[in-house]
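**Student:** Have a look at the structure that comes next, please.
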Amino acid sequence: MTTKSAAAASVATAYGYPRQGRGRELKKAIEGYWKGSVTAEVLLATAADLRRGNWQQLADSGVEEVPTGDFSFYDHVLDTTVAVGAIPPRHRDAVEADPLDGYFAMARGNQDVAPLEMTKWFDTNYHYLVPELGPDTVFTANPAKAVGELREALLLGHAARPVLVGPVTYLLLAKPAPGVAADFQPITLLDRLLPVYAELLAGLRAAGADWVQLDEPALVQDRTPAELNAAARAYRELGALTDRPKLLVASYFDRLGDALPVLAKAPIEGLALDFTGPAAANLEDLAAAGGLPGKRLVAGVIDGRNIWINDLEKSLTTLATLLGLADTVDVAPSCSLLHVPIDATLERDIDPQIARWLAFAKQKAAEAALLARGLREGTGAIAADLAANRADLASRAGSPITRDPAVRARIAAVTDADARRAQAYPQRAEAQRARLGLPLLPTTTIGSFPQTTELRVARADLTAGRIDGATYRERMEAEVREVIAYQEKAGLDVLVHGEPERNDMVQYFAEQLTGYLATRHGWVQSYGTRYVRPPVLAGDTSRPHPMTVDWFRYAQGLTDRPVKGMLTGPVTMLAWSFVRDDQPLADTARQVALALRDEVVDLEAGGAAVVQVDEPALRETLPLRAAARPAYLDWATEAFRLATSGVRADTQIHTHMCYAEFGAIMTAIDDLDADVIHTFLRGIVLVIRKIRAPRDAGCGCHVIAASVAEGDWPPGIPRRLGR
Ligand code: MET
Ligand SMILES: [Zn+2]
């Protein structure tokens, strides 16, 4: 095909759409079903309505080919586990008794069985349920969901493309089942799994699928030659099948690297590549691999996991280059739109000028459609849209929100010394021993005490104007009194105030820093029915007023023991927000760090001898490719030190991390130069073994973060704690 005919055939597509519905109907229906107030029939009908609505929104936005099978009652990796019949033995009875209840038993456990483990989906804030496999795993094809949802879309008249997690990624995301040797490698099951995928593909073909998308994001991570061989074998075998739809293998979140030539050579009909952020390197890699002659390329030129408008002209330039590298070039957001909220036009509280900088799922779909139209009909056909886009980008670049001269001047004046404590750890430790007089093995907690219903009701009452600020404060102070008394009675050495006033460990600060916006409807799925509404860091940021000092002083006034000042670190502030994409993350991190530094210094001046700066997300935003990690860890640790180095030697800086496997970042944890590191047991053993400089490290049982309402606790927790 020529470049011109390739352009003439371009369409827009997407790999997935937010599942919950505009009014979070899915969450309500599922939770109602769990409680028994919603029947299975109503739940299924709600789900079908939502799918119909999603396809319609995509079609209305101009997307010509819609995804199916991306919908999920809980998680798409769990759906794949069901599709390949890899139900763990402990869940089989429940699944046999009732497939829907069995599905939820795998997701959340029930009174008899523990759920599957949940972990982060690559470097996003979405969590998937980890498949449990072993040498005895038998796979069987269960195409019902994939086929059923395809049929629904086809019946509604959509051009539809089923999406499944690909076999290589599925196995690479799995872990050895309980009782199976820890060194068992699920990828060794590939030969057993491929025939099951063959059956699924045949089933989809029979139901009318022209194309099927197999998602292989695990191939954007560093992979061993054996794993790359597995990918080559998988797609050689699936490609060789005769009874199958055309295959589109999708990658996202980073560049394919060594896997690109492997997939380019495979006997598949299409490849989807991410061209945003670090994945933009796919462009050169693709050219170097000789392009995709005779194949379909789906170009993810729109950032599918951030919320900012696309630079359409820049995308058109990328697409123009790509047209020479494949048979057809289609346009899409870089990954499933599940990672962004549904519709930016619902945000009526955001200044209309700023709202024009935002693109949520619906807007991103429209951007993809517009770009595809630009390819088909020429840029003249979309000239007015391009002009409007240019104007919006210019308004963003020139806005006082994105450029605060005071913040910029302060950043420019930062020196290396600002990010270093004046004394080394040994001297600081001595000064802190003298000031704090703590026992040999001091005890403390992570920070938050349970966010009880009364506390949340008080906050809701304050927001709704049913109580005034003074009443709210009195209720929170009563809680602080209780929490302090409790810790004194328990004999803890370093106390916390319990964080009752915090709605969330990021949002609480975002609401008080400049440059942040809050959305009303910007919900995104974290896991299952838990949705979060990340704040939006739109511009330059600073801290106009102390944020926590009064709470600290109140708590410290109640006890002779040291109370910790409690803050969220710069990396976590970024990781759990939607962050501006118009400057490097490192620059944004430095701004947040300076804002936090002011707070740390004010806490010290207010009498805090210990300040804890939590960085639970340090590990989670580690780049997927090892080559990019040193640069990330450099700016991330510098930001932490910048936030915490403004204090005297005798002020003790703690940090707290959780959830993570720290192996990969031990040196970085040391580079934080905190006086005390706390984490859970597995982490602490590593800290003690591997860290270069001696530190005070502590471990504990991380119960639950303040931000999580009781009803939203991860499955199993209340039961295991015995509440
Ligand atoms: C996710 S880490 C949470 C740390 C915070 N200080 C808390 O206890 O909630
Ligand atoms: Zn934690």
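Glycine is treated like the rest: Cβ placed from N, Cα and C.
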**Student:** Same L-methionine site as I446, G447, S448, E499 according to TrEMBL: which of D330, D602, D614?
**Tutor:** D614
**Student:** Tell me, what is the mean pLDDT of the domain 'Cobalamin-independent methionine synthase MetE N-terminal' (13-323)?
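**Tutor:** Across the residues of the domain 'Cobalamin-independent methionine synthase MetE N-terminal' (13-323) the model's pLDDT averages 97 on the 0 to 100 scale.
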**Student:** Any of the binding-site residues K27, W576, D614, C658, D671 with a C-beta atom under 6 A from ligand 1? Give them in order, or none.
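**Tutor:** List returned for ligand 1: D614, C658.
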**Student:** C-alpha of G447 (L-methionine binding site) to C-alpha of N125 (5-methyltetrahydropteroyltri-L-glutamate binding site): distance in Å?
**Tutor:** 22
**Student:** Rank the binding-site residues N125, S448 by how many other Cβ atoms lie within 10 Å of each Cβ and give me the one with the fewest.
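**Tutor:** Looking at the binding-site residues N125, S448, the Cβ with the fewest others within 10 Å is that of N125.
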**Student:** Can you go through the binding-site residues N125, E499, C658, D671 and pick out those with a C-beta less than 6 angstroms from ligand 2?
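**Tutor:** Only C658 meet the Cβ criterion.
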**Student:** Using C-alpha atoms only, work out the spacing between K27 (5-methyltetrahydropteroyltri-L-glutamate binding site) and S448 (L-methionine binding site) and round it to an integer in Å.
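**Tutor:** With the alpha carbons as reference points, the distance is 26 Å.
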